[in-house]
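Asker: Pulled these from TrEMBL:
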SIGNAL    1-18  signal peptide
REGION    295-323  region 'Disordered'
COMPBIAS  295-304  compositional bias 'Basic and acidic residues'
COMPBIAS  311-323  compositional bias 'Low complexity'
Amino acid sequence: MMLKITISFLLFVGLALSDKIPGLDATCVQGNGDCSMCQTPPYGTWINGKLNKKCAINQCDTSRKLFAQRSVSDEFCSSCPTDLDSRGTHAQQIYANYDRSFCVGAQNSCTNRKGFDWTDFDCDACGHPDGKFAKADKTGCTSSVSIAGKAVPCQSNNSCDECPQYTSFNWVLTNGSQKNCQLYSYLAAIFPKQYLTDLMCSSNPDLANTNLFASMDQSICVNTPAIVGNPVPCQKNGNCDNCPAYTGFSWQLTKNSQTHCQISSCFANNFPSQGLTDLFCGSCPQDFETKKRTVASKDQRNCDIPDPEQTDPNQPQDQKPKQQQSFNQLLSFSLIILSAQLIYLIL
């Protein structure tokens, strides 16, 4: 009987403590490392953190999600985010919401914002009383979309699914157009700083914007294409209409050539994930650092470096390299001589 009571007591204690874990290190703006100066938390106590001039809540109760208004601070949410687990991971909800009653996963502070950097995402996440969309000047929030993106050519089959995808940004069909889409709200979130494409850069609604192309590392927008494709033989009758079409990508005539065209910009859109051809891979090789010619894989989902013995993918399919032609001619001639000698010996 005593054993059962002891086990039950231990289970009760374990359940009671299961949601209480040490807080993460946070920075208290008021104290400059003095944890006694941190804003009074809704529960728990501030203690010295693991790192110098950092503070932490002594014990986070992850079962508690909602608190009295004006009681939650950014530093409290940084130490005890509501999505914190026992390993200290999944800690994304590190800011107090607008009325400081719970923690949210905004991209910047809801209560201590000094710059003009409100986005739709933060207006919604913070629960801003003026609305869930950012104002045009990004100084606050409002009840309707302030700025839509500029129309860009990424519509396919009456859909915007082939436009470049970024978290929180949504594309919609452009009214009256069969080829264009546009961002529903250009201020949906912080502008991406990786995997940028020309289409995303060109969607900037500022009419004075000339930075229409993604940079070489795809982190910013610049005013010239980072990579123009290699010339490949798909020109016909003085145009590039015979070149394979891919949403967002365009072909241009190769200077001083009557047979070749090239992709205008290899970062125009996300790299195609299906239906690749040798001509496209020959112009934009996917792995730009190798600077080697590539051909489409068998499943047409990737660009691969071809076997050295195969035909150059940038030559017409019925045209073999001259060295290969010479080798074949020599082999044929040798076989003829050998056959003649055998016939002579037999006779």
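Placement of Cβ uses the backbone N, Cα and C atoms for every residue, glycine included.
TrEMBL labels come from automatic prediction, so no person has curated them.
Fair warning: this is a prediction, and the values are worked out from it, not measured in the lab.
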Asker: Any residues 6+ beyond the ends of the compositional bias 'Basic and acidic residues' (295-304) with a Cβ under 8 Å from its own?
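Answerer: Contacts with the compositional bias 'Basic and acidic residues' (295-304): 273-278, 280-282, 284-287, 310, 313.
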Asker: Reported in the order helix, strand, coil, what are the DSSP residue counts of the compositional bias 'Basic and acidic residues' (295-304)?
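Answerer: The composition, in the requested order, is 0 helix, 4 strand, 6 coil.
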